[in-house]
C-alpha cells in the first residue's frame, strides 16, 4: 500500500492545479432515494459526489483531469444520485474480455472474483506481463475501481470482475476460448465487455463465416435466456486506419465523413451487441470515434489527455509498465509525478471507444438490480432517456456530377433526425449520451412494454434478388430495390446483408428507407474500403470484386412499424480520380494513392436474403 494515496495527493495539490472550483466534496451526504421533488439532473443545485473527484465521466464540473484544459460541465454519465443512494453495482459480475487484468491492483483487488482465465498459461491470473499491454486493464478501472480513498472510482465500484486475456499477442485465438469467455459461467444479468478488435478494415468482410455465426448465436442465446448483456466499442478510426504496413486516411479535400464506418466490422452489426461511441469532455464526438447507423448510445471516452481531458483510471502497477512509466514521458501531469502517484499505478491518457464501452457497461450495471427487466428493457430505457448532445449537428452533404453531367447533392451522413416513432437519432451519437439518474428510477417501475418478451423476427420478401436485371446496375442515380414485410411488428433494429460488385467501393452510398419514409445511411461514401486500390498498386490485380454478404445494422427505425415496403438504395457518388494518403510505417514516408474511376458500372446482386427486422409484436407496444 502506498504511503500517499492518489486521492490524498490530489487533495493536497488542488491549490496548485487549475481544476474547476465545483468539485466533488466530503460534505456530499448520502440520499435515501425518497426525497420528494429532488432535481437529479446534470444542472441540479445538489449535484455532487463524495471525495475529491478527477473523473469527468462520473461528474464533469469542468475539471482538467491533469491535461492543459478542462471540458464543459455536465457532459458525464449523470450518476451522482444513483451513487449517493448506494446503487453501486452490488451483486453483479462483469467479464472483461481483452488483453488482461491486473487482479492485484489496489483499486481492483477487492472486486475481483474467481473465474478469470489466463489463456496463455492456462492459469487463473490474467495479469499482463508485457509492459505495453495496458488499455483493457484501464478499462477495468473505469468500470470497477473500488471506493477505497486510494486512487480512482469506478462507475460501479462494488461490481465483481473477471478477466480473460483473449487478445494477448502471445496466444492463438481459439474459438473455444472465445465461447468460454463470452458465454459460459454466466450469471443472471452479467454484462460482457467485448474488445475493440484491431481488424483490417480496407476489405469488406461478410457476416456468414463460421466463427462469426457461432458468436452471433451465442450472443443471442445468452441475451435472450440468461440476461447477459454485451457492450461493444464502435471503433477509433474516424480519420485513419492501420492496414498492414500502412496508415491510410482520406484525402484532405474530402467532406468530413467517417473513414471507418462502424458497420464495416461484422461484429458491430450484430443486433445483440450494444455498440457505443465516444464523446469528449466538451460533449461532442471524440475526434477519433467511429460512427454509423449501428451505434446505439454515446458515453464519455475523452480525448488524448495531453491537450484535452482523457480518462483518469487504473494503470498496470509499477513505473516500468503501462501508460504511466518512466521511459514514456507524457505532458499529462499525472504521469511521472511522484507527488501524485509515486508507484505509477494510474494514468490520465486512457481514451477511445474502449473508454466509452466500460462507462456504458458500468451504467447498465447500475440498472441491473431489478430482475424483472430484460436486457432489451434496459436498452429501451437507456435509449429513451438518453441526452441529445450537439443538438444542432447537421448532415454532411456530398456534391457530385452525375453521368448525364448534372450536379447533384446527397446526404453522405445524417445529423440528428427524428424518426416516425418520434425518437431522435444520429449515427454520430446513437440515441444520445447515457443518463443514469434519469434512467434508473424508470428501471424500478414494472414493465409492460413488449421488450420484456422474446424478440420477433421478420424477413423481407419480394424483388431483393435479381442479378441480371438492368435496373440493378449501380450508377450515379440511385439503384433501388424493395422488399415487403407483412408482419405487424414494432421495429427495434433492422439488419441487411448486401452483395454487390463494384470496382471502387468507397464511391458507394448505401441507404435504407422504411415504410414510414425514414431514411438511414448504412454505409457512407469516402470510407476505408480501399483494399481494391491497394491491391492494384501492390499486387497488380484485385482480390475483392465487391461486397459479399456484408451485414449492416440500423437503429434509426426504432419504434416504427415494420409492416410495408422497405427500400434499399445504392448510389455511386464519385466519378473523378480518388486519392488516399498513405504513411508507410516501416520507413515513415508518405505517399498518395490515386485511383481512377471504375471502368464499368457496379451491380447490386442481393440484399433481401439477409434482410431482417428485429422487434416485437406491435399489439404489445
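Backbone N, Cα and C atoms are what each Cβ position is placed from, and that goes for glycine too.
Residues annotated as signal peptide in Swiss-Prot, with sequence analysis given as evidence: 1-24.
Summarising the annotation, Swiss-Prot assigns domain 'Peptidase S8' to 68-440 and lists sequence analysis as the type of evidence.
Secondary structure from DSSP puts residue 98 (active site, charge relay system) in coil. Residues or ranges marked as active site, charge relay system in Swiss-Prot: 98 (among others).
Feature annotation from Swiss-Prot assigns region 'Disordered' to 114-133 (among others). For the region 'Disordered' (114-133), the number of residues in each DSSP class (helix H, G, I; strand E, B; coil) is 0 helix, 1 strand, 19 coil.
What Swiss-Prot records for 137 (among others) is active site, charge relay system, and it gives sequence analysis as the kind of evidence. Cβ-based neighbour count (10 Å, all protein chains) for residue 137 (active site, charge relay system) stands at 31.
Classification of residue 354 (active site, charge relay system) by DSSP places it within a helix. What Swiss-Prot records for 354 (among others) is active site, charge relay system.
Per Swiss-Prot, domain 'P/Homo B' is recorded for 454-619.
Under the heading region 'Disordered', Swiss-Prot lists 457-485 (among others).
Taken from Swiss-Prot, the feature compositional bias 'Polar residues' covers 465-485.
Distance between Cα atoms for residue 354 (active site, charge relay system) and residue 98 (active site, charge relay system): 10 Å, as a whole number. Counting every protein chain shown, the number of other Cβ atoms lying within 10 Å of the Cβ of residue 98 (active site, charge relay system) is 26. Confidence annotation: the domain 'P/Homo B' (454-619) carries a mean pLDDT of 90 in the model. It is 9 Å from the Cα atom of residue 137 (active site, charge relay system) to that of residue 98 (active site, charge relay system).
All protein chains included, residue 354 (active site, charge relay system) registers 24 other Cβ atoms within 10 Å of its own Cβ.
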